[in-house]
Amino acid sequence: MASRYLTLAAALLASFLQVDIEANSWWSLAMNPVQIPEAYIVGAQPLCSQLAGLSPGQKKLCQLYQDHMQYIGEGAKTGIKECQYQFRHRRWNCSTVDNISVFGRVMQIGSRETAFTYSISAAGVVNAVSRACRAGELSTCGCSRARRPKDLQRDWLWGGCGDNLDYGYRFAKEFVDAREREKIHQKGSYESSRTLMNLHNNEAGRRTVYNLADVACKCHGVSGSCSLKTCWLQLADFRKVGDFLKEKYDSAASMKLNSRGKLVQVNSRFNPPTTNDLVYVDPSPDYCVRNESTGSMGTQGRLCNKTSEGMDGCELMCCGRGYDQFKTVQTERCHCKFHWCCYVKCKKCTEIVDQFVCK
């Protein structure tokens with residue numbers, strides 16, 4: 001146990017040395033939606049210089065692809081929302097802070113929570129840019145040009161306007177990874193391990209979106225006979241991406257640097273992680289109590305479930321500190337009836353319910 005905390009302390013010390021490097025993030029585009037004034041369409045420099053959180057390489061990409069920036073922000077926002085959904089019942093609930101770091105100091109620790117955040121954010125950008133291509137919102141891409149799947153029935157048409165996953169993947173890789181690739185760290189340093197970790201998890205997020213995409217089809221024919229189908233490539237619902245990466249979070253691999261400056265698994269008895277797995281280099285901090293040095297917001301004041309034995313239960317969520325009970329009034333729709341034709345009319349019902357919050 002003592003060695004675990006010594007490892008965490010060393011990681012924290014190392015991470016604080018790179019505060020300036022990690023303090024700004026492109027994730028901030030999610031918090032401040034990008035608006036592109038008409039006057040900036042020709043001259044990109046004013047717009048890109050005003051966007052907080054971009055690295056030098058990302059600013060150059062912004063100048064070349066400024067119409068993409070809105071969708072990078074949308075992708076980051078999608079990733080953050082999905083992160084908060086997946087961790088809504090955990091001590092760390094992917095909460096954001098009111099500055100351009102978005103998540104605060106907690107991202108300076110190379111924990112499995114950081115691994116998930118990087119992966120889901122990168123996935124969000126692939127998702128948003130791929131859809132924007134299909135919708136004709138971007139000047140450099142259009143509908144998907146993916147090859148016809150070999151197992152598609154011969155009499156089905158391959159066409160339509162699919163999500164441009166190939167373009168979304170390539171652009172997300174170029175933009176999101178730019179910050180990591182332009183860093184120069186001493187071989188074998190903690191910072192170099194974080195860079196390798198971030199790049200690996202970014203790729204895992206992108207691959208998840210790519211691998212979960214599937215063929216969608218529309219029927220054609222007399223009276224809905226479906227004698228002919230037109231098919232195209234379609235992204236999976238982003239909830240599936242979040243569910244998949246959450247499973248990878250639960251089984252994430254603990255890594256360390258070897259003498260050659262490569263990440264290797266701490267426990268060599270396990271199979272090495274694949275490009276679809278998440279990796280981390282630091283143990284998670286204590287999320288039970290508020291700690292400004294680690295970025296933990298603690299669980300005081302969090303709602304908990306008195307009857308649950310899971311992570312959302314009061315015993316685990318409150319870390320044994322106990323909980324307070326209070327009553328609240330909830331209003332919801334009730335006694336709904338369908339009226340011909342065609343609407344549903346409901347009444348509003350109120351009830352007093354017990355809620356529990358951690359001390």
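In case you wondered, yes, glycine gets a Cβ from its N, Cα and C as well.
Noted from Swiss-Prot: CYS231 is disulfide-bonded to CYS217, selected from CYS217, CYS219, CYS226. Listed in Swiss-Prot as the disulfide partner of CYS314, from the options CYS304, CYS334, is CYS304.
Partner cysteine of CYS336, as given in Swiss-Prot, is CYS346 (from among CYS319, CYS346, CYS349, disulfide bond). Of the cysteines CYS133, CYS143, only one is given by Swiss-Prot as the disulfide partner of CYS141: CYS133. Cross-referencing CYS319, CYS334 with Swiss-Prot gives CYS319 as the cysteine bonded to CYS288, criterion being a recorded disulfide.
Each of the disulfide-bonded residues CYS143, CYS161, CYS231, CYS314, CYS336 was scored by how many other Cβ atoms lie within 10 Å of its Cβ, and the smallest score goes to CYS336.
Sequence-distant neighbours of CYS319 (disulfide bond) (same chain, 6+ residues apart, CB-CB distance under 8 A): ARG91, CYS288, VAL289, THR299, CYS358.
The two recorded residues ASN93 (N-linked glycosylation site) and ASN99 (N-linked glycosylation site) have their Cα atoms spaced 18 Å from each other. Annotation for the disulfide-bonded residues CYS133, CYS341, CYS349, CYS358: lowest Cβ count within 10 Å of the residue's own Cβ, CYS341. Around ASN99 (N-linked glycosylation site), taking its Cβ as the centre, 15 other Cβ atoms fall within 10 Å, counting all chains. Closest to CYS314 (disulfide bond) in space, going by CA atoms and restricting to the recorded positions ASN99, CYS219, CYS231, is ASN99.
In the three-state DSSP assignment, the secondary structure recorded for CYS314 (disulfide bond) is helix.
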